[in-house]
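Participant: Relevant sequence annotations retrieved from TrEMBL are reproduced here:
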{"type": "REGION", "residues": "B:1-25", "note": "region 'Hydrophobic'"}
{"type": "DOMAIN", "residues": "B:31-89", "note": "domain '4Fe-4S'"}
{"type": "BINDING", "residues": "B:CYS48, B:CYS51, B:CYS56, B:CYS72", "note": "[4Fe-4S] cluster 1 binding site"}
{"type": "DOMAIN", "residues": "B:105-134", "note": "domain '4Fe-4S ferredoxin-type'"}
{"type": "BINDING", "residues": "B:CYS114, B:CYS117, B:CYS120, B:CYS154", "note": "[4Fe-4S] cluster 2 binding site"}
{"type": "BINDING", "residues": "B:CYS124, B:CYS144, B:CYS147, B:CYS150", "note": "[4Fe-4S] cluster 3 binding site"}
{"type": "DOMAIN", "residues": "B:136-164", "note": "domain '4Fe-4S ferredoxin-type'"}
Amino acid sequence: MSDVKTVNRDFNTDIIGQFPGGVHPPERKQPASSRPIRRLPLPAELILPVRQHIGPSGKVLVEVGDRVDKGQRLTEAGLSQGLPLHAPTSGIIAAIEERPTAHASGLPEQAIVIHPDGEERWGNKHALPDYHDVEISRLLELVQEAGIAGLGGAGFPTAQKLAQQKPLKHLIINGVECEPYIAADDRLMQEYADDIIAGTRILQYITRCDSVLFAIEDNKPEAIKAIAAAIDDDTQIKLKVVPTKYPSGGEKQLIELLTGHQVPSGKLPMDIGLLMQNVGTAYAVKRAIIHGEPLLERVVTLTGEALEQRGNVWALLGTPIQHLLDESGFNPEKKQRIIMGGPMMGFTLPSTEVPVIKTTNCILAPTDHELPAPGPELACIRCGACSDVCPATLQPQQLQWLAKAKDYDELEKHHLFDCIECGACAYVCPSEIPLVHYYRKAKAEVRNIAREKAKAEQARKRFEARQERLEREKQERLERHRKAAEERKKMQQEKASRPDSKTDSGDEKPAGKSAAVAAAIARAKAKKAAQAAKDNADEDSSAKGNES
Amino acid sequence: MSLFGAVIALGVLALIFGVILGFAAVKFRVESDPIVDQIDEILPQTQCGQCGYPGCRPYAQAIADGDDINKCPPGGEATIKQLADLMGVEPKPLDDAHGEEDVKKVAIIREDECIGCTKCIQACPVDAILGAAKQMHTVIEHECTGCDLCVEPCPVDCIDMVAVKPKPETWQWDLDTVKENIKANSIPVKVVE
Ligand code: SF4
Ligand code: SF4
Ligand code: SF4
Ligand code: SF4
């Protein structure tokens, strides 16, 4: 730790850009940001939803009753978007069944339940202290196999984000953490700055990018100091201190702040040569490559005045929220709400039996006094406050009208899908309209309509294909019958003409006998034709089944 | 003379513009969907035949020929409204002679009871059933439109129509359903809020 360097260091606070809108909600990051990250005793069970990320789920590799090691793989990564899942600690697979998920719906999903045995027995680890002579594709594989997903936002598989083959101008490491209450990244930066920078260098190596912008909000002086010291005199990593304003940690907002460029609507940062990773992800990448440890745990902020012991904990993935609350001196009020995520973007948990997942950064148990439940929704008075604060320059009040009217075409024209659900509009709305709720609902409906439409299209194609096949089969059948009939006719004609030919050629066979033979041949032929037709029909009906 | 010149000049101009317009009409022709295609686009493609026609396309043809727009139960009110907009008529309530709007379902074969008679395959309008003579049959769930047509022909009654369960990604942010979802699960949980 070289304090001199830290002090003298040029922080480069000259932020180029600015994003529109934004709000300044009370920060309330204390006391969580000033207390060291705790480790909790193991919970009685760990619940691991097979699908923790966007995309299809992997194939389960274990069975009930199996004994698993810490870090052992539980699911096979699916084809395109999947990420494997690992046992966060050693123990026994107690069940594979449907459990409520950490989703606002509380809908049950397939989950692997582990009873920890307390031994913390590690399986094989493939540490790779020096990755510089390893192929980049191999490193990407390792990141994928470690099950790492973006720990800041939507939980997109990190390896897939890294694998995009486009030249990068800057790699941005996001340590902004602008949402009130949450201090998980803050504490991680204070305590594990060197690991985060090591992870950043791995990301840099993988993306072959020689310019890193490391962004931290100016309300985290301790984290800034620690990261500055860890960067030391590495000129490729520039520390950028951004002014505190919500939501400056949003991907597109931060890009605008740091580079002055806007990511066009419907495009990815990648399209303008930028890639953003969260500090937690950088840390996880370091653990995965250098130590060979898959992603098994994350820092979760436990806060809110209904908790006696507020602060940050290392929570194993799959830890039931109830366990976290029990370990923090939880004094529930009468109508206690538990929020996963922060107060602006989080959602009220339907149950406290749901587990910590990769994107769980905060569990907030506020008292009613601290964070009153929203009042009744009043009519929009068209004050325009919402459009002033929208960081995506949308017209929230307009979107709200359209969402209520279910006018999906207009909603898309008003760029509903540019809304980052930051909640700034709902925060300032004097009529307490739960604006974001309407947008989430409308987005879900639009997506569903698209899904239904695609399905209908598919059904139409299959229906038409079937009609065509039936028609073709009918034609073939007719054709066969026609041929068989022709054959018979020919036979009969031959039969009729035989007696004449006999006299011509002077054949000795008696007429009666020759006619009988011809008739028999005709019969056999007809029978054969009928049999062939039948066989074909059978074949067709089984082929029909196999076709799909 | 000048009159003659003017007539010629105008005639030539008319000819030139005629050629340009004619060319433009061919070159920039807008392919407009025939009305039957547009109607078919709106229909849900369940292919169930409840409308009285052997599939959605035939019903689309019938609507184009002047049949009522309220005979498709799977589409329900939403489809009727879209059809009314397209055809420029007043929407009317679903004709319940053809059935009622229902939740989305899929067919599931109780496979150990199936005798492999292939009757359901012959009934399925979208070839969503897989199997062969004297073999166990199964429904490809994501291709099944829930048309119900395979249930009737099965001689051993081993096909069930079950409602499609909402998944987290298809859930419509209907907060009223939250407690129900939790209850539907047998694990005792504390419901918060
Ligand atoms: S802030 Fe609320 S009341 Fe004001 S215009 Fe927006 S939605 Fe309407
Ligand atoms: S939630 Fe959406 S509409 Fe509201 S301020 Fe944020 S981006 Fe704008
Ligand atoms: S009733 Fe069935 S077959 Fe008729 S249009 Fe509707 S979905 Fe298609
Ligand atoms: S109709 Fe019934 S018994 Fe026959 S193949 Fe289909 S599911 Fe099996």
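Placed from the backbone N, Cα and C atoms, the Cβ positions cover glycine too.
Nobody curates TrEMBL annotations by hand; they come from automatic prediction.
Note that the coordinates shown come from a computational prediction; the quantities given were computed from them, not determined experimentally.
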Participant: Which residues of the same chain, at least 6 past either end of the domain '4Fe-4S ferredoxin-type' (B:136-164), have a Cβ under 8 Å from a Cβ in it?
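Facilitator: Residues 44-49, 74, 103-130.
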Participant: By Cβ count within 10 Å, point out the most packed of the binding-site residues listed: B:CYS72, B:CYS120, B:CYS150.
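Facilitator: Result for the most crowded candidate: B:CYS72.
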Participant: With a CB cutoff of 8 A to chain A, go through the binding-site residues B:CYS48, B:CYS56, B:CYS114, B:CYS120, B:CYS147, B:CYS154 and name the hits, or write none.
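Facilitator: Answer, by Cβ distance to chain A: B:CYS56.
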Participant: Nearest by CA distance to B:CYS150 ([4Fe-4S] cluster 3 binding site): which of the binding-site residues is it, out of B:CYS48, B:CYS51, B:CYS72, B:CYS117, B:CYS120?
Facilitator: B:CYS120
Participant: Cα-Cα separation of B:CYS48 ([4Fe-4S] cluster 1 binding site) and B:CYS147 ([4Fe-4S] cluster 3 binding site), in Å?
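Facilitator: With the alpha carbons as reference points, the distance is 4 Å.
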Participant: Taking every protein chain in this structure into account, which of the binding-site residues B:CYS51, B:CYS144 has the most other Cβ atoms within 10 Å of its Cβ?
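Facilitator: Its Cβ has the most other Cβ atoms within 10 Å: B:CYS51.
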Participant: Ranked by the number of other Cβ atoms within 10 Å of their own Cβ, which of the binding-site residues B:CYS48, B:CYS56, B:CYS114, B:CYS117, B:CYS147 ranks first?
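Facilitator: Top count of Cβ atoms within 10 Å goes to B:CYS56.
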Participant: Return the members of B:CYS48, B:CYS114, B:CYS117, B:CYS154 (the binding-site residues) with CB less than 6 angstroms from at least one atom of ligand 4, or none.
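Facilitator: So the answer is B:CYS114, B:CYS117, B:CYS154.
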Participant: Of all the binding-site residues given, namely B:CYS51, B:CYS56, B:CYS72, B:CYS124, B:CYS144, which is spatially nearest to B:CYS114 ([4Fe-4S] cluster 2 binding site) at the Cα level?
Facilitator: B:CYS124
Participant: Write out, in the order they occur in the sequence, the residues of the chain not among B:CYS124, B:CYS144, B:CYS147, B:CYS150 that have a C-beta within 8 Å of the mean position of the C-beta atoms of the recorded [4Fe-4S] cluster 3 site.
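Facilitator: After dropping the recorded site residues, what remains is B:ALA107, B:CYS120, B:ALA123, B:PRO125, B:VAL126, B:ALA128, B:ILE129, B:VAL139, B:THR145, B:GLY146, B:ASP148, B:LEU149.
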Participant: Within 8 Å of the Cβ centre of B:CYS114, B:CYS117, B:CYS120, B:CYS154, which other residues of the chain have their Cβ, at the recorded [4Fe-4S] cluster 2 site?
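Facilitator: Result: B:ILE109, B:ILE115, B:GLY116, B:THR118, B:LYS119, B:HIS137, B:CYS150, B:PRO153, B:PRO155, B:VAL156, B:CYS158, B:ILE159.
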Participant: So how many of the residues in the region 'Hydrophobic' (B:1-25) end up helix, strand or coil by DSSP?
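Facilitator: Residue counts in helix, strand and coil order: 24 helix, 0 strand, 1 coil.
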